[in-house]
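S.K.: Annotations for this protein, taken from TrEMBL, read as follows:
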- 34-55: transmembrane segment (TRANSMEM)
- 67-94: transmembrane segment (TRANSMEM)
- 106-126: transmembrane segment (TRANSMEM)
- 138-157: transmembrane segment (TRANSMEM)
Amino acid sequence: MLFVGSLIAAFSFLSIKSSPITSFKLIFNQIYWYILLMIQPIKFGGFFWLCMSTATRVRKNELHSVYFFQVIQTYAVINIIIFFLFCIAINRILLTGDFNQPFGNIDLMIGSILALLALILIYRLFIVPSFNYLSIYYNKVTSLIVLLLSIIISYYSSSYIRIIDEKEIINPKEYCELSYILKFSPSHINEINKSLYLNKCINLFPQ
């Protein structure tokens, strides 16, 4: 948990306008982050294990828990990258109004490297080991089809189970406060109806 908190603080360097680190940290509801990072691997891993082990048990009647632990191991590594990518998206929204629009070359470079790294890690830590294990019992074509179907089924099945609302990971009030500070310079801050801006911004978040 302390490590995730440190990542939140460290990421604030991406804000070219130097928003206060404490303000950036307050945007995130860290408790929800911790819960989400723990629950998501278990949800997806459970469905993935169910799909893959069902197919594998036709050939060998075991639990084949290796599938579940492979998911947990992969998430343990890529959760850090996912968090940084989420921070990049929030930073872009704050500074440009669009998470698809990079704020600068550093933003674009870091985002591209992290996204590529995530794909490589998913392939090496999750896809390849799962495929190789299933290939012990089936031919490669069948193994590939079963693996892809299991990933698709697991993804959609786990998305329907919501223990917490992902939207709760952002604190609307703190987000809007920081957004206001970044949008309006101190020399113009008295000319803007701050209360009206904050109310309008907060109302954009689902209640």
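Cβ atoms are placed via backbone N, Cα and C, with glycine included.
Bear in mind that TrEMBL entries carry predicted annotations, made automatically and left uncurated.
Each of the listed features needs to be described in terms of its position in the shown structure.
M.R.: Using a Cβ-Cβ cut-off under 8 Å and counting only residues 6 or more beyond its ends in the same chain, the transmembrane segment (67-94) has close neighbours at 4, 7-8, 11, 14-15, 19, 27, 33, 37, 40-42, 44-46, 48-49, 52-53, 56, 100-103, 107, 110-111, 114-115, 117-118, 121-122, 125-126, 129-130, 133, 170, 175, 178-179, 182.
Same-chain residues lying 6+ beyond the ends of the transmembrane segment (106-126) with a Cβ under 8 Å from its Cβ atoms: 14, 70-71, 73-74, 77-78, 81-82, 84-85, 88, 91-92.
Proximity of distant same-chain residues to the transmembrane segment (138-157), defined by a Cβ-Cβ separation under 8 Å and at least 6 residues beyond the stretch ends, is recorded for 44, 47-48, 51-52, 55, 59, 127, 130-131.
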